[in-house]
């Protein structure tokens with residue numbers, strides 16, 4: 001696979017940054033290189049393993065911006081926090097069991113308690129340095145879905161203090177129904193980024209990224225065919241949590257079609273060469289035999305295997321950058 005990556009413009013751009021020791025805010029080139037991190041609930045453990053490998057290789061400063069969707073937004077925050085080793089927390093059952101509790105509805109809490117994860121565990125236990133993220137020269141761009149418009153929204157302009165950042169993390173991962181009501185930030189309401197943009201490369205390109213490295217949590221393979229009709233579960237969520245916004249329901253139902261289109265577009269970008277037109281996009285994906293991780297997985301052994309699969313998936317890329 002390393003041979004297939006040789007000459008890809010994203011690889012060459014990162015190699016140039018690494019070779020020259022380029023630092024954000026002190027660039028001599030005209031590139032804007034973005035990292036885009038896919039989420040997917042606990043499947044995001046895979047892309048977290050990839051991000052950890054990039055940090056360990058000293059590549060964080062090669063990027064100008066980090067974009068994250070849902071769990072990918074949380075991974076992006078840890079990457080810029082000054083303690084990226086805490087990304088290993090994705091594989092620790094303590095965090096999964098604290099966030100995902102199927103008995104929570106009986107206590108008046110959502111099954112996926114992102115509020116407790118961010119406002120308690122990340123503050124009191126893991127000690128995420130929110131100020132370091134906000135002040136990092138690599139800009140942080142968590143995405144969420146605007147409840148009124150159904151469109152993907154970059155929450156970066158709303159981040160003025162640590163409390164805002166925590167709200168943004170919660171908004172980006174606010175799964176309809178499963179994680180409770182939408183999160184209010186900047187006078188607007190937001191649900192999980194995945195409703196509108198589960199792979200956050202489009203926003204990066206719209207904001208003038210010349211190169212984007214995408215960390216995928218799904219292995220390559222045929223995309224699931226869009227259903228002729230929404231599933232019973234999708235119809236229930238649309239009729240309850242999303243009932244007040246036709247635009248949001250439209251975005252929600254369009255997810256399978258959008259994922260298939262993203263897979264097609266990203267596959268075309270993966271075979272780019274130095275003579276291909278910019279912008280350039282390259283995806284890192286787990287191997288086909290990577291563990292299958294459900295959105296609500298809490299099994300520690302499975303999560304550790306997922307973390308390792310993501311970490312391993314970066315080796316061909318890193319071999320060309322070190």
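Any Cβ shown, glycine's included, is placed from N, Cα and C.
Not measured: the values here are computed from a predicted model.
In the shown protein chains, 36 other C-beta atoms lie within 10 A of the C-beta of residue 70 (active site, nucleophile). Marked as active site, nucleophile by TrEMBL: 70.
For 192, the entry in TrEMBL reads active site, proton acceptor. Cβ environment of residue 192 (active site, proton acceptor): 70, 144, 145, 172, 173, 174, 175, 176, 179 lie under 8 Å away, each six or more residues apart in the same chain. DSSP gives residue 192 (active site, proton acceptor) a coil state; it is part of no helix or strand.
Annotation source TrEMBL lists domain 'PNPLA' at 35-205.
Residue counts for the motif 'GXGXXG' (39-44) by DSSP state, with H, G and I taken as helix and E and B as strand, are 4 helix, 0 strand, 2 coil. According to TrEMBL, the motif 'GXGXXG' annotation covers 39-44.
The feature motif 'GXSXG' is assigned by TrEMBL to 68-72. Below 8 angstroms of C-beta separation, residues 36-45, 47-48, 140-143, 172-173, 175, 192-194, 197-200, 215, 217 of the same chain, each at least six residues beyond the ends of the motif 'GXSXG' (68-72), sit close to that stretch.
Counted with DSSP, the motif 'GXSXG' (68-72) comes out as 2 helix, 2 strand, 1 coil.
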